[in-house]
There are 2 protein chains.
Amino acid sequence: MPFAHIEDKAAIETGSLLSPRFDERGLITAVAVDAASGRVLMVAAMNQEALARTIETGEAHYWSRSRQALWHKGATSGHTQKVVELRIDCDQDAVVLHVEAHGPGQCHVGYPSCFYRVVGIGGPAADARLTIVDAPSYDPDAVYGG
Amino acid sequence: MPFAHIEDKAAIETGSLLSPRFDERGLITAVAVDAASGRVLMVAAMNQEALARTIETGEAHYWSRSRQALWHKGATSGHTQKVVELRIDCDQDAVVLHVEAHGPGQCHVGYPSCFYRVVGIGGPAADARLTIVDAPSYDPDAVYGG
């Protein structure tokens, strides 16, 4: 258990002690933002180990819920994320990573960001449609082996 | 159940059908970004109803895990979020809302964003400390009644 555990609300919200609030699954939310463009690249989860390794190495680590394993982002693809700045929110259950992203894209589908689709708003939710608004930036089959 | 349910991976990742993947708690992750500055304002959760109302009204709605209730952001504080653009990620379990944020701050602690603290990196995780790097933007006691 590498992190302190505090219960005082004021200390959690405005103190200098890192006391991340992992949820019932042992996870916090992590948002990776491109440090240069400010664009949101991806949203993922971190468990204790992923957060600790990110802090200690300065390279983004996540918890892969699909693989149920620690995930050093870019270990397979080479698309690593060097953490320039790490921020935590008021209740310490989410972090934002400002990263220098390596490689042509950060999404496994082949785009610079995972958020390449816009959801149409203003009508019935059941009729909402998605539109791809970004251009692909690399061929994932060439990177991940198809 | 206002949303379609599809299982085909290619359709989820690159199709035009909105089929959000709510987790075992019935939630997806929502990241609110200031449309003007590009800054991450807050990270929250949405259940089906919150996402549907956000799409239909163009105002950000979340699911409050602490209150276990639908949360129309700003209903109490006046600090509403008008959604300028809504994006969804590759596996449809996270959304980014580009918003016009109303009011002097979007965090209940009194800051423009919930991410007003930087986590020191590069040393042992247990020794990591937080530094407040933003200035408060309003008095929460005056807004929420102290």
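Including glycine, each Cβ sits where the backbone N, Cα and C put it.
Taken verbatim from TrEMBL:
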- A:42-116: domain 'Phosphoribosyl-AMP cyclohydrolase' (DOMAIN)
- A:D89, A:D91, A:D93: Mg(2+) binding site (BINDING)
- A:C90, A:C107, A:C114: Zn(2+) binding site (BINDING)
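Annotation for A:C114 (Zn(2+) binding site): same-chain Cβ neighbours under 8 Å, separated by at least 6 residues, are A:L41, A:M42, A:V43, A:Q106, A:C107. The domain 'Phosphoribosyl-AMP cyclohydrolase' (A:42-116): residue composition by secondary structure is 10 helix, 30 strand, 35 coil, according to DSSP. Highest local Cβ density among the binding-site residues A:D89, A:D91, A:D93 belongs to A:D89, counted as other Cβ atoms within 10 Å over all protein chains shown.
Within 10 Å of the C-beta of A:C107 (Zn(2+) binding site) there are 23 other C-beta atoms, taking all protein chains into account.
Sequence-distant contacts of A:C90 (Zn(2+) binding site), defined as residues of its own chain at least six apart whose C-beta falls under 8 angstroms from its C-beta, comprise A:I12, A:E13.
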